[in-house]
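Enquirer: Pasting a structure here, questions to come.
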Amino acid sequence: MDANTFVLFGATGDLAKRKIYPALFNLFLDGKLPDVFSVIGLGRREWSDETFKANIERSLHSFSRREASNAEAVNQFLSFFRYHVLNVDRKEDYQSLLQRVEEGERTAGIAPNRLFYLSVGPELFETIASHIEESGLGDTKGWKRLVIEKPFGRDLQSARDFNAQLSKAFTEEEIFRIDHYLGKPMVQKLQLLQQTNPVLQASWNNRYIANVQITASETVGVEERAGYYDHSGALRDMFQNHMLQLLMMLAGHLPKGDDSEQVRNKKKHVMQSLEPLLRQDVATQVVRGQYRSGSIQGKPVVGYKDEAGIPQDSHNDTFIAAKLQIEDDFWRGIPFYIRTGKRMKEKATRIVIEFREPIKQIAAANNSAPNLLVFEISPNEGIYLRLNTEGEAQQQDLTKVLIGSHKSGSEVPEAYENLIYDALRGDSSFFAHWDEVELSWKWVQPILDAYAANDVPLHAYPAGSFGPKAAQELLAKDGFEWWFDQESEAASAKVQTGTPSVQEPMSIK
Ligand SMILES: NC(=O)C1=CN([C@@H]2O[C@H](COP(=O)(O)OP(=O)(O)OC[C@H]3O[C@@H](n4cnc5c(N)ncnc54)[C@H](OP(=O)(O)O)[C@@H]3O)[C@@H](O)[C@H]2O)C=CC1
Ligand SMILES: O=C1O[C@H](COP(=O)(O)O)[C@@H](O)[C@H](O)[C@H]1O
């Protein structure tokens, strides 16, 4: 991996503390950082290098998945870091930063490769990008890269304007747009699992698949982010980015050995093949919800409008479910149902592929159920296949087994480790490319417009549920239902061994 300087804007912030330092530390422990490497942390706070390092060390103790108990390793890791005071609006601060970066490159013999990581609010992205260009920081003989956090715009037009601004300072190949769902190990493996299991490849089409369900449910509410979330909602916060990226990764038919350009084209194809959603159809294809009071894991919680900082008359969406269709030879006629929400019954991100049932009469006579292929993405990870098998009671009756493998969340590497590693290597396969972002906003725009005009009912759902009833009706209209809503806890409790094995019959539907 090339030697480089990692310039971190927002080094004193929450994301850096919770995700970036622990990820860098775990990469360091795995020998995945360059041998010659330097991190310059930036913020307005008047911190010394020592204060900065002490904060990083605290963050490792609190948030690293691996213990930071080896003092020698921690000290070696901390030796990469220095702090520099910078206010993003002040031109002169970029000049002193440039001097510091160049001095480091000279004294430590670091090749002039520079990675600029923008872990700051989106309102600062454009200012920083243009100052990087004007100050000469981006004018280097080595490579330069810009890593940016979400959100990338708040609608189609603002995303286009923002991209046009960034493009003045960085080329598309130099921009790494983080979507942390693309860093989740199971998402990164979707491609490999398809390639290495011919049985999946053979059945990966509309001849065998009845529908696909993608769920990201959360038990947390708005937390301390009322100011941001009440202007974002589930549609902007999760659906436009993470959920549509999951769709692209699943439906993209990404063969082995694809480089980032091919991955990008395949994902773009998925978005281009999505049947456009017409404004007049939003109310029938999309369910908008907002949580009211209820209980999560036995504890009472308040409704959305009673959360601190949320206005009593807020119409913001904390839940969305939508039906989508991909118009290509593989997926034509298969409905994709996508849903995400806060304050739901369980924390789980999973994809369920429901296969077509055999002839109805045979199915009914034998008590069989559709085969399911389940990708458990987070917090636990696994892949399961649900099959019909011989029942115990009567000769003809069938029962169901889940075959699969399972890892609990603590064994799974953090998304940020994968993403930072890829950005350091210059591999943008698992980042959101501009075409995808633009097409996602384009698909979502009629929903934004319909929400803004209040043309879509806002369904209340109790905290601790699986969302509004209308989300069930969305599938019921097509003769389907969401899998695992009733007994998903039982499902995860029963499939626990790490190695592939035939499990006890499950009591799921
Ligand atoms: N926190 C999270 O879990 C997640 C965050 N994100 C995204 O990451 C980004 C950062 O979020 P987060 O860390 O939570 O935000 P915080 O508010 O915790 O941190 C903001 C950072 O920006 C710096 N900053 C603010 N204004 C200026 C300025 N004028 N000049 C220089 N530095 C400034 C602050 O430093 P100082 O105060 O020292 O100036 C601080 O380091 C956002 O885009 C967010 O959407 C994405 C996913 C999850
Ligand atoms: O980007 C975001 O993601 C989190 C959910 O991420 P996960 O990895 O825990 O599934 C969500 O809580 C947050 O609102 C959103 O901004």
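A Cβ is built for glycine as well, from the same backbone N, Cα and C atoms used for every other residue.
It should be emphasised that the depicted structure is a prediction, and the values quoted were computed from it without experimental measurement.
Pulled from TrEMBL, these are the listed features:
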{"type": "DOMAIN", "residues": "7-188", "note": "domain 'Glucose-6-phosphate dehydrogenase NAD-binding'"}
{"type": "BINDING", "residues": "GLY10, ALA11, THR12, GLY13, ASP14, LEU15, ALA16, LYS17, ARG44, LYS150", "note": "NADP(+) binding site"}
{"type": "BINDING", "residues": "HIS180, LYS184, GLU218, ASP237, LYS342, LYS347", "note": "substrate binding site"}
{"type": "DOMAIN", "residues": "193-483", "note": "domain 'Glucose-6-phosphate dehydrogenase C-terminal'"}
{"type": "ACT_SITE", "residues": "HIS242", "note": "active site, proton acceptor"}
Enquirer: Please find, for GLY10, ALA11, THR12, GLY13, ASP14, LEU15, ALA16, LYS17, ARG44, LYS150 as listed binding NADP(+), the greatest distance between any two Cα atoms, in Å.
Expert: 21
Enquirer: Compare all C-alpha positions of HIS180, LYS184, GLU218, ASP237, LYS342, LYS347, the record's substrate binders, and send over the largest distance in angstrom.
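Expert: Output for substrate binders HIS180, LYS184, GLU218, ASP237, LYS342, LYS347: max Cα distance 20 Å.
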Enquirer: Within 10 Å of the Cβ of THR12 (NADP(+) binding site), how many other Cβ atoms can you find? Include all protein chains, please.
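Expert: The Cβ of THR12 (NADP(+) binding site) has 18 Cβ neighbours within 10 Å.
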Enquirer: Which residues, sitting 6 or more apart from LYS347 (substrate binding site) on the same chain, put a CB under 8 Å from its CB?
Expert: SER217, GLU218, THR219, VAL220, PRO379
Enquirer: According to DSSP, which of helix, strand or coil covers THR12 (NADP(+) binding site)?
Expert: coil
Enquirer: Taking DSSP as the reference, which of helix, strand or coil describes the residue listed as 'active site, proton acceptor'?
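Expert: Note: the residue listed as 'active site, proton acceptor' is helical by DSSP.
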Enquirer: Hey, of GLY10, THR12, ARG44, HIS242, which of those recorded positions are within 10 Å of HIS180 (substrate binding site), Cα to Cα?
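Expert: Candidates kept after distance check: HIS242.
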Enquirer: Express the distance between the Cα positions of ARG44 (NADP(+) binding site) and ASP237 (substrate binding site) as a whole number of Å.
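Expert: Approximately 27 Å lies between the Cα of ARG44 (NADP(+) binding site) and that of ASP237 (substrate binding site).
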Enquirer: Which residues does ASP237 (substrate binding site) neighbour through Cβ under 8 Å, counting only same-chain ones at least six apart?
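Expert: ASP237 (substrate binding site) has long-range Cβ partners PRO151, TYR229.
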